[in-house]
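Undergrad: Dropping a structure here in structure tokens format, bear with me for questions.
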Amino acid sequence: MDGVFLCIVAERREEGHKTGLRAGREGGAKETKRQRDRETVPGLKAADERTLGESVTPVIGGGLDSPELQTESDGAHRCLRQPLMLGSAPGLSGRWERLEPRPRARMLRQVLHAGLRTSFHALGRFVASHPVFFASAPVLLSILLGASFSRYRVEEDVESLLAPKHSLAKIEGNLVDSLFPVNRSKHALYSDLQTPVRYGRVIVTTRKGSVLDPVHLDTILKLHKRIYQMPVTVPATGVNSFNYSFSYLCLPDDKNVCIIDDIIRAMEEIQSARISNSTIPILRYPITQLADGRQAYIGHQLGGVQGWGPNGGVRGQGTGAKGEGVRSARALQLTYYLQARGGLMDRVASQWENAFCAELQHFAALHPKLGLHPSTSSSLRTDFQFSSVLAHRPLLASLGACGVLAMLCCTMRDCVRSKPWLGLLALLSITLSGLTAAGILNLTGTTYNSTYLGIPFVMLGHGLFGSFEMLSSWRRTREDQHVKERVASVFEDVMLRFSGSTMLHLMTLGLAASPLTNMEAVQLFCRTAMLAVTISYIYMLSFYSSCLVFTGYLETGYRHGCFCRRVPKPERLDSKPAWYRCLMYTRYQDEAQTTNPPIGVGNSHSHTPNSNLTHTHTHPHTANNPATHGLGHVANSTLTHPHTHSTAHMDPNPQDSHLLLGCVRRCYGDWITNTYVKPFVVLLYLVYISFGLMGFLQVTQGSDPSALVAMDTATVLYTRAQQRYFSSYSPVIGFYIYESAPYWNASVQRDLLEYAKGFQRISWLEAYLNYLTDNNQSTSQPRENFTHTLRHSFLREPQFAHFADDIIFAERGQGEEPDVAASRIFLVAKTTENKREEMSVLLDTLRRLSLTSRVRFLIFNPSFVYLDRYAAAVSSPLRHSLLAVLFLLGLSSLAVVEPLVSVWLGLTLLSVQFGVLGFMTLWGVELDCMSVLCLISALGHSADCSGPLLCGFASGRGDSRTRWVRVALERHGVPSLQTLICYSAALVPVGAVRSNLTHTLFRCLTLTAGCSALHTLAFLPTLLTFLPPSKTPGNRPEEDGQRQEVECVEMNDSTRVVDQITTV
């Protein structure tokens, strides 16, 4: 019966049970057992009535694990897994033993695996049958969608990207704006980088001396005059052009006069006194008194101050106390506030900002003794997006370096089996998927921002993992099979793991993109990355698989893997030069079969000397334990279908195969599992955990937006000057009393003064109480007297008239004095170099105080929208993604993944994340928006690397741990190593980009690749040699060491029936 597989089920017991086993097989017990089996196993009775001459169905040991119908392919032969009674056929003797019932969870896993693997097998055959369509469709779609780049737009609102979306600070800001419009209060409510609407700002520093020296003071006032008179022509050409100056665009006060900084007025007073030879007024710090008697806070306008101490001594920089005179100052900050009343005025203000920066650059060239550091309302946005402009060429270099290494990783000494173009085509598939995703985003109106620079690396790591796994599986298939069958076997083997890895990526990114995330930049990044990973997965199934089909036909025709020309046979190469023979080296099929006898895993594949047997496979399985399990990373089909893999899989001449595979097979696998190496690897892991913990305890939040912009830009230079000269005091904090309060009550007055104690303050209440005291009036007056004196006496004094903007009166009735409905005072805290951290602590402290105070108040500064709950907003996506992955692994272990695989994979992900977070802190990376995005993507990357290795190890049965660790390293460690090599090479050019954002990206992704490599190639191979899952043949005590064997025998002799029972 030519070409039929007779799969005979035998049972192997331990040596001590052999005698009793023979006795139990004889006599009437045999018929009784057969009858019992016939009643137990479905279909036996019907099978007993058939003869072998009729339609004999080949059998394989699917009944080892479940009586479900399963299929398995070997070239053109298909073995249907179903129970069959061979003893009923004439001339054949057979025996059936009762199989132990399987747990439902394991049976469910087997059914799911069988269904999924069969589906992927059919999909692989379908793709291999239509390679031209699946290769051309992605290319055409990418070209069509790539034409949508005319709709390309850049995000302009950086605050909405980097600030928490839902925060108490934004609610407080809306309430404050309804009472005291922030746009009109921004000259008083000073903030570093978050001043609302339009403005121009410059920090003037001196390289020698003080900015208050007569020469520098005159130069600064000259600069102020030039800026004040600087015209802006809109439109630039045409008869309708109009010149706009600062006096037209400025923010006016209640007298319709442009608001300018108080330090300018003080410097003009000093200059006038010096010209008139009169007494120079004393400039005090941080609150000074102007000529009109008004007190002004200049702490954010004068920096690097040295004050006069007691007895004429000199204080250090920034140590001047209130009321002390200023001896010298190293820096001066000027701000020019603009108003934007509509679309036209906003465009004019934008052009004025550009002209402002150009004017400062020209003025700095004329006065080299002064340093000018400009900043405008658009500087942060421009410098944030400038990172993507700087990264254009390095990204192309990354693509080139990755392409070269991908080609080398796919190259072998054998020129026919070498497939260098597949490495380049894998990169092309990833590029096409990125182009398609970008086209979809452009068509849907999505805006671009610089955080998207991390998306290509998410796609690169995942796509390369899939391509190298497919190529590794292709090399394990039988070369005498048709290309369609080989591609179908590759799909059956790889796509279950690759699909599971894709699901992990989508789960982590999807939850981070959900409404649970409170940061817009994280949501947009994860949403876009989800789209890109999905399209990359589809293109890997279609475009790259089609390329694999084409290269398979080249291999079948013995054509050169690089030059695509047919390789001559060895006898024709003998007359060629040595370099030509080296270039055209290959092994023909007959030569390969002669020189390379098949060797299987654990020597389980063997050829029988029987001439009638052309191919024999022995499949060891532990009883009641499925041969393969896995997630979507899951089952290693080489164990369930070893006959579909090449006989040269365990080539005894590794120099003829891939270089990395030969190194892992001959050297690294034996070295990493060596008994004397294991203690050092365990010690290395303890060191890894120790340093990770050290960094984890030092994690700091990076809420400063300037840490995400390009280096050497206006924002960075301005921020450095701010930190150096103006770090002594915090931004101006608005203290808003938003409900009517009994200000005339002495206890309320004491509470409000106590709250402001310890701050530098500009307070109408404190000034009014001092006014009453100076006029010999009581501070505790009836409401009518208190309000009447406030309105008609205090606010009409010239030095106190500006406090009218800080009080809102509410009418009570005719003839009655109005109430103070709301009011505000301004507070400034003394700070150190850690200004932002101290501001965050101060914000929380004052908010807690507002909950217990009798006076209802709130505090606000525009910078609070970045500080408020930033740590929670930036860390919650990472926490949610990690919990989602662990939940997915736990849930899948019930039906899809073997539980120990889920446990190991979950622990590996936690260990990698812990290490990346700790080491990035030690490397100087703060926990900001970009680093959190890298940590989220690291979950999927580490699962790509370690998942297949764990599943390959867990799926092995009946051999030693060390042996299966080596096998898993050969099959899955090499593709992971190839992915990490190409991935790391692509990161190197990005590290050279002069940008804080790309530096954070480079450091986090480099640590991700390094920690993943350590776990995949060192920690896991060592720990798995002495930790569960166990590899002993008898895992269940009630089985008494029983073990079942299945052997498929191909019969070539159709003239007679062979009765053979194989004992392995």
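Any Cβ shown, glycine's included, is placed from N, Cα and C.
Because TrEMBL annotations are produced automatically, they should be read as predictions rather than curated entries.
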Undergrad: Which range, 127-147, 421-441, does TrEMBL list as transmembrane segment?
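TA: Based on what TrEMBL states, transmembrane segment spans 421-441.
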Undergrad: State the mean pLDDT for the domain 'SSD' (412-550).
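TA: It averages 92.
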Undergrad: Where, among 421-441, 528-550, 680-699, do we find the most CB pairs under 8 A to the transmembrane segment (453-474)?
TA: 528-550
Undergrad: Using DSSP, what's the helix, strand and coil tally for the domain 'SSD' (412-550)?
TA: 111 helix, 3 strand, 25 coil
